[in-house]
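To start, the structure under review is shown below, and the notes come after it.
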Amino acid sequence: MASLAMAAVGEAAKQLPLHEAISGIFGSISMAAWICVILPQMIVNYRAKSADGLSISFLVVWMIGDATNLVGGLFTHLAPTAIALAWYFCVADFLLISQCLYYNSVNARRAAEAAEAHEEAPLLGERHRSHRRSISSEDGAKIAPAGDELIERSSWSSNAACLLGVYVVGFAGWYLSYKAGAYNETDPVVSAQRPSELLEKIGMVLGYFSAVCYLCARIPQIIKNYREKSCEGLSILFFMLSLTGNLTYAISIVAYSQDKKYIINTIPWLIGSLGTVVEDATIFVQFRLYANNKRPDTTHA
């Protein structure tokens, strides 16, 4: 696999600058990662019929960052893959937030109905049910450790396989687009019309605002996990793909051009992508620390 990849890069390097090939490859991998990023979390939400694990503040701030990222990128003429990703980010944010709001609304209504039923239920019957639940929980706790360990190992293996698949699909996507002639044009940074000074300044301001949003977005999620001492309801693959997408996104931007003005203009986007890597790493640590902890039950009175 590695030899085939090197051969493909070598072939491409004969017809276009190496830095463009590298930017295209990592941009394509980043796009594959970001296209897949919301799927694991949406699947977790769907299976649980709940979005309690996610902080809505995290998603809203992230969406604001993506919107300003898109407009700022258009104003400063970022790499084409960065612009395409920015469009997709906005769509993905809308889908995930819509799902979370739907489940939160449904579960809040069910919780209210359950509270009314609870008040009307006979006290003795409730004690009897509580006793049965207690016995069931104790029995489950005796069996859980061994099963959880096997599930955790399987989960990490499948997540690693998914990441490898993202790299393969991303590289294949770049190679197919290269063979289709997507990279036959001259250097876009040289040939493209420079944005006006005003638009460029606005783009830079939006870029820095976007970076601040990205850096702040995960803080509510980290605090939520810490307070509840649990990462239940979160997909670790969601954050693994996010980290992969951010790293390859930054490499794609830097490799695209070594023009001084271009590099200066991309600083806010590099801060926003690389800065969140530290926060994703913090969430990984929380996954390890709180691996077997459940979130407090918020669906019953």
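From the backbone N, Cα and C atoms, a Cβ is placed for every residue, glycine too.
Automatic prediction, not curation, is the source of TrEMBL annotations.
The model shown is predicted, which means the values in this text are computed figures rather than measured ones.
Here TrEMBL flags 22-44 (among others) as transmembrane segment. When Cβ-Cβ distances below 8 Å are used as the criterion, the transmembrane segment (22-44) is approached by residues 9, 53-54, 79-82, 84-85, 88-89, 92, 95-96, 99, 162, 166-167, 169-171, 173-174, 177-178, 183, 233-235, 237-238, 241-242, 244-246, 248-249, 251-253, 255-256 of the same chain, each at least six residues removed from its ends.
Positions annotated as transmembrane segment by TrEMBL: 56-79 (among others). Same-chain neighbours of the transmembrane segment (56-79): 23, 27, 86-87, 89-90, 93-94, 96-97, 100-101, 104, 188-189, 192, 194-195, 199-200, 202-207, 209-214, 216-221, 224, 252-253, 256, 265-266, 268-269, 272, counting only residues six or more beyond its ends whose CB sits under 8 Å from a CB of the stretch.
If you look up TrEMBL, you'll see 85-103 (among others) marked as transmembrane segment.
What TrEMBL lists as transmembrane segment is 160-178 (among others). Remote same-chain partners of the transmembrane segment (160-178), defined as residues 6 or more beyond its termini with a Cβ less than 8 Å from a stretch Cβ, comprise 1, 5, 8, 12, 16, 21, 24-25, 27-33, 36, 237, 240-241, 244, 248.
The transmembrane segment feature in TrEMBL is assigned to 198-217 (among others). With a cut-off of 8 Å between Cβ atoms, the residues of this chain six or more beyond the transmembrane segment (198-217) that come close are 58-59, 61-62, 64-66, 68-69, 71-76, 265, 267-269, 271-273, 275-276, 279.
Marked as transmembrane segment by TrEMBL: 237-256 (among others).
For 262-285 (among others), the entry in TrEMBL reads transmembrane segment. Long-range contacts of the transmembrane segment (262-285) within its own chain (CB-CB distance under 8 A, at least 6 residues past either end) are made by residues 65, 69, 72-73, 76, 78, 82, 189, 200, 203-204, 207-208, 210-211, 213-215, 217-219, 221-222, 225, 231, 234, 236, 239, 242-243, 246-247, 249-250, 253-254, 256.
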